[in-house]
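As recorded in TrEMBL:
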DOMAIN    24-300  domain 'Sugar phosphate transporter'
TRANSMEM  12-31  transmembrane segment
TRANSMEM  79-97  transmembrane segment
TRANSMEM  103-124  transmembrane segment
TRANSMEM  131-149  transmembrane segment
TRANSMEM  155-175  transmembrane segment
TRANSMEM  187-207  transmembrane segment
TRANSMEM  227-247  transmembrane segment
TRANSMEM  254-276  transmembrane segment
TRANSMEM  282-301  transmembrane segment
Amino acid sequence: MEVQPEMEPTSSFSLIAAVSYGIASMAMVFINKAVIMQYPHSMTVLTLQQLATSLLIHSGRRMGYTRARGIDLATAKKLLPVSIFYNANVAFALASLKGVNIPMYIAIKRLTPLAVLIAGYLFGKGKPTTQVALSVLLTAAGCVIAALGDFSFDLFGYGLALTSVFFQTMYLVLVEKSGAEDGLSSIEIMFYNSFLSLPFLSFLIVVTGEFPNSISLLLAKCSYLPFLVILVLSLVMGIVLNFTMFLCTIVNSALTTTIVGVLKGVGSTTFGFVLLGGVEVHALNVSGLVVNTAGGVWYSYAKYRQKRAKPAKTSSDLEAHKK
């Protein structure tokens, strides 16, 4: 497998990747919630998002708009676990949104950085610096404090969200490893992920009983213009979110991607109190968000110092996106 030329990502490129992922991730939470409120078949929505991603990248490659390479069997086998963990994460996350409001959903998902830190250590990345470890712990503590203020405790819904945290941790660690070791660009990982997802998701929508009722309901709903607009926006943003997430993970790291998710959650939580079924504001919520944000800022500073102190990290994405 030919590896594209590699070079050190610039600070501005890394920052753009992180900010883009944060914006896309925050928008996607509200869009998915809006869709699920009107169309409860979450697995069918995920299948449509992955199908749209596969078709777009394949068409772009055939027309010469991207340098993404075609399917390689050996690479596909290696990335199959990434696809499985990714789809499991999104499936459980979408299912949890049916019963969990946005602020509480985000509070649970903010536990991901701590899980990534632990997973990285177990997978042999070594111990993080003291400042990185403490900043992530502070961020997680802020999540817990905020959550204590307004948990309505839907056991099933929160169980689904916590399960998605586990799967998100696993696929982020695997994406970071695949991008670094195999020289894959974010578009290529994104294409493999969406392509490999389709058989798995098609099987699930049949087993869970969504098909064929989900299709007939979807066709009926699409005659309603506002829903059609939201659905199309969901498909487009699904592509944007996947691209920015994989790009951020490869250019920066799995832990950076999760911290960006935590920081964007501050804005999402604020809007979530008043949009799409908000909840009451309590002192613990505000205190938790302040602690959470402080941890995120501390982490950013710690990672900046760490990056300046160690040898350059390589990435094929610069070459893939210079065109």
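Just so you know, glycine gets a Cβ as well, placed from its N, Cα and C.
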Given 131-149, 187-207, 282-301, the one sharing the most C-beta pairs under 8 Å with the transmembrane segment (79-97) is 187-207
For the transmembrane segment (282-301) and the transmembrane segment (131-149), decide whether they are in contact, meaning at least 3 CB pairs lie under 8 A, counting pairs 6 or more apart in sequence. yes
Going along the chain, which residues at least six beyond the ends of the transmembrane segment (227-247) come within the CB cut-off of under 8 Å? 17, 20-21, 24-25, 27-28, 31-32, 34-35, 38-39, 45, 48-50, 52-53, 56, 175, 179, 186-187, 189-190, 193-194, 221, 257, 317
